[in-house]
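Here is the structure we will look at, set down as structure tokens.
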Amino acid sequence: MQIKSFLLPIVAALLTSVSAADSSNKCSFSKTSITEATAITQLNACSTLDGEITVSGSGIGSIDLSSVKVLKAKLSILNSPSIVSLNFNQLQNITGALVINNATQLNSIDLTQLTNVETLQLVSLPSFAILNLNQGVQKAGTIVLSDTALTNLNGLASFNTIDSININNNKNISKIEFNDLQTVTDSLILSFNNDDAEVKLDSLKWAGNLTIQDVSSIQASNLTSVNGSLLISYNTFDELEFPNLKSVGNSMQIFAHDELTKISFPKLSELDGELEMFNNTQLEEIDFGNLTTIKGAVTISGPFDNLTMENLKLVSGDFQVNSTSDKFDCSAFDKLHEKGKIEGHNYVCTHPANPSSSSKSGSSTQTGKSDSKSSDGSSSSNSSSSSKKGASNVLVVPGMVLTTALGVLLALI
């Protein structure tokens, strides 16, 4: 009893202290929902916002949070068709998240002082054309920019390291340049912006995953490693080259190009996943001259004449190469298969017969299996030569015909 009487005042004091701390921290909001403009004033009284705050509905025309310097909270502005502008002109650090989604009338966002961002998502903002980022973001975690009316990335391209960045479906952005970006630890996605978008990633050295879609050009001259997957599709350039890329840690897919004629990865030595290329309708040349190992399946189809893999030593999966060019040659891959260096259960290498060989063998398709080609060719040539010999052994002389006819006539008489 004495112990209880001794502890009770202490516990009461502690509870009072915690309660006082909570009541005094007016800038920490736990799952707070705001639908009216008057509630924005309370937020703007804070230099630091913490907690989880959601602004939604059509009761707010503009948001002024010009007193906020640090955003520790996750601040979400969702489904707000009436908001036309956001003012965060003193905000320097976002250590939480700023998420703006489906604000159809939003035209401008002022982030003049912003330099550090953990998470910034600007999605489904079809009227959003003005982004003020005078200082430029120097440090970033995750940035998503999707379906906006922005014409450039000024201020969003100054960082040298980022976890992930996804820029997609911004139809007015025709230039995407990250001149300082060296490392993307998770993923870099640049997809379906302006059809003529030009991409420059000349400082990029390492990426977790890389996706490039619907661009007119791509420069990544210093990229040496993609730790995950590399996906290239639906672009309009005629040549694709990664001159210094040495390794890809997962799959590589290149597909759906109508103008692409040449693919070159001259220093790529190891691919730790599948290699897949298809629907590249004008493709003529593929260069993987330094590639030694593919730790997955190979599926390549198209009109290419040359597929250079002269240093290839091992394919861990199935192998299927189908060229529609009669200039293509399967012999190098046939030899690799015969040595057991293509470890998958299925091996196919096809191309139309070369006109010169088809005249001899009569075969329209070569499978890359030397046995079937040589037997077909030899049997055709043997039958052809034997028919010629049979015809040459019959010699008809006109005098012999006349003598025979007279003998028959005299016998009848």
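The backbone N, Cα and C atoms fix where each Cβ goes, glycine too.
Database features (Swiss-Prot):
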type	residues	note
COMPBIAS	356-390	compositional bias 'Low complexity'
CARBOHYD	ASN93	N-linked glycosylation site
CARBOHYD	ASN102	N-linked glycosylation site
CARBOHYD	ASN172	N-linked glycosylation site
CARBOHYD	ASN209	N-linked glycosylation site
CARBOHYD	ASN222	N-linked glycosylation site
CARBOHYD	ASN227	N-linked glycosylation site
CARBOHYD	ASN279	N-linked glycosylation site
CARBOHYD	ASN290	N-linked glycosylation site
CARBOHYD	ASN306	N-linked glycosylation site
CARBOHYD	ASN322	N-linked glycosylation site
CARBOHYD	ASN382	N-linked glycosylation site
LIPID	GLY390	GPI-anchor amidated glycine
REGION	347-390	region 'Disordered'
SIGNAL	1-20	signal peptide
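Cα to Cα, ASN102 (N-linked glycosylation site) and ASN306 (N-linked glycosylation site) are separated by 48 Å.
The Cβ of ASN279 (N-linked glycosylation site) lies under 8 Å from the Cβ of PHE255, ALA256, HIS257, GLY302, each on the same chain and at least six residues away in sequence. The distance from the Cα of ASN290 (N-linked glycosylation site) to the Cα of ASN93 (N-linked glycosylation site) comes to 45 Å.
ASN93 (N-linked glycosylation site) sits 30 Å from ASN227 (N-linked glycosylation site), taking the Cα positions as reference. Ranking the glycosylation sites ASN172, ASN222, ASN227, ASN306, ASN322 by Cα distance from ASN209 (N-linked glycosylation site) puts ASN227 first. In this structure, the CA atom of ASN172 (N-linked glycosylation site) is 27 Å away from the CA atom of ASN222 (N-linked glycosylation site). In the structure as shown, the Cβ atom of ASN306 (N-linked glycosylation site) sits within 10 Å of 14 other Cβ atoms. In this structure, ASN172 is the one among the glycosylation sites ASN93, ASN102, ASN172, ASN209 with the smallest number of other Cβ atoms inside 10 Å of its Cβ. ASN322 (N-linked glycosylation site) sits 12 Å from ASN306 (N-linked glycosylation site), taking the Cα positions as reference. Each residue contributes its Cα atom, and for ASN222 (N-linked glycosylation site) and ASN306 (N-linked glycosylation site) these two points are 26 Å apart.
Each residue contributes its Cα atom, and for ASN306 (N-linked glycosylation site) and ASN227 (N-linked glycosylation site) those atoms are 28 Å apart.
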